[in-house]
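> Okay, handing you the structure first.
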Amino acid sequence: MPRPIVAEIHPNAVRHNLEVARQKVAGARIWGIVKADAYGHGIERIYAGLDAADGIGLLDLNEAVRVRELGWTKPILLLEGIFTTEDVQIADRYRLTTAVHCDEQLALLASCKATRPIDIYLKMNSGMNRLGFAPDVYRAAWDRARECVNIGEITLMNHFANADEGEVDWQMDRFDATTAGMPGQRSLANSASVLWHPRTHRDWVRPGIVLYGASPTGMAEHIADVPLQASMTLRSELIGVQTLREGETVGYGRTFTAPHAMRIGVVACGYADGYPRHAPTGTPVAVDGVKTRLVGRISMDMLTVDLTPVPAARVGSRVELWGGQIRIDDVASSAGTIGYELMCALARRVPVGIV
Ligand SMILES: *Cc1c(COP(=O)(O)O)cnc(C)c1O
């Protein structure tokens, strides 16, 4: 028997969440963002839930090829663009749309022979200062792109630095001022902008995290009014139970001391499964459907939980680490991170089922 831990992936939740996003963006088209192997879910596992997307966005060339080979005929967007001349050939062969964010990428596209023009997303750095052409050189880059025989349609692209904290106008104003009068479609919005900044929606939006049912801010309360469903459940079982006397401690470092006699459960899940080691005592967890809390330090293969609210719990009781009952955002914020990181960190050794 393998250990009882399992991650369940829910493609229907992705389908539902995509529909929620669609209702937010009126007529805009949607890139379903599946970078990092669909935020740790596995592209193939959630693929059925992406039917209604207008395109699929990611940044690993091998993932792009995998999506094409699954039979996806709609557009595929490389969010970081191409890195070598061979990448240009692959983009050509697999009909990929590619971001272009620097002169080197324009030069790569110009230096090859494509069988047909490649559509690009010309990325502006409107203040994030990660990738993109600064506003004062953006138009010149656009002129060069237009002259390149290997480049087809040019979409004007931007990415926001703090859409999740409410501020997009300063970047939006720079983007609009720079691109005034330029033809071409626009694509600016990530999940936070899809939810909270209608001004940014334009022609194509690029939601990622909301498709997986988690909050762009990392805080569950910020999406309390958005009917999203969790696309990943991490569950396991109790493999041991201990009864502590008042004053006894549990686990490495003895970080939790029983304030009174109590039962604790030992769960087959640890940081080697992708559970965050920084999750402190108090992090939510559910045992037999009853919400309780983690106690003590997470170890490599196990963690310990307070069984006080679940007196009937015993070896074999079901445990939900995150999913429909325990929000991944709540586990993440308790551990000082965001749902994105927990999803992406799900360990290879965890068996995965599609439910
Ligand atoms: C990851 C990414 C997105 C999606 O971001 P979410 O916050 O997950 O919605 C959109 N656009 C770009 C360029 C990205 O890299």
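Positions of Cβ are set from backbone N, Cα and C atoms, glycine also.
Caution: TrEMBL annotation is automatic and unverified by curators.
Pulled these from TrEMBL:
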- Lys35: active site, proton acceptor (ACT_SITE)
- Lys35: N6-(pyridoxal phosphate)lysine (MOD_RES)
- Arg130, Met300: substrate binding site (BINDING)
- 231-355: domain 'Alanine racemase C-terminal' (DOMAIN)
- Tyr252: active site, proton acceptor (ACT_SITE)
> Any idea what DSSP makes of Tyr252 (active site, proton acceptor), helix, strand or coil?
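Assignment for Tyr252 (active site, proton acceptor) reads helix.
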> Should Arg130 (substrate binding site) be counted as helix, strand, or coil on the basis of DSSP?
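Where Arg130 (substrate binding site) sits, the three-state DSSP reduction gives coil.
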> Please identify, from the recorded positions Lys35, Arg130, the residue with the sparsest Cβ neighbourhood, meaning fewest other Cβ atoms within 10 angstroms.
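Checked Lys35, Arg130; of these recorded positions, fewest Cβ neighbours within 10 Å: Arg130.
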> Sort Lys35 (active site, proton acceptor) into helix, strand or coil using the DSSP assignment.
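Looking at the DSSP assignment, Lys35 (active site, proton acceptor) belongs to a helix.
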> At the level of the C-alpha atoms, what whole-angstrom distance separates Arg130 (substrate binding site) and Lys35 (active site, proton acceptor)?
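The separation of the Cα atoms works out to 17 Å.
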> How far is it from Tyr252 (active site, proton acceptor) to Met300 (substrate binding site), counting Cα to Cα, in Å?
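About 11 Å separates the two Cα atoms.
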> Between Lys35 (active site, proton acceptor) and Met300 (substrate binding site), what C-alpha distance do you get in Å?
27
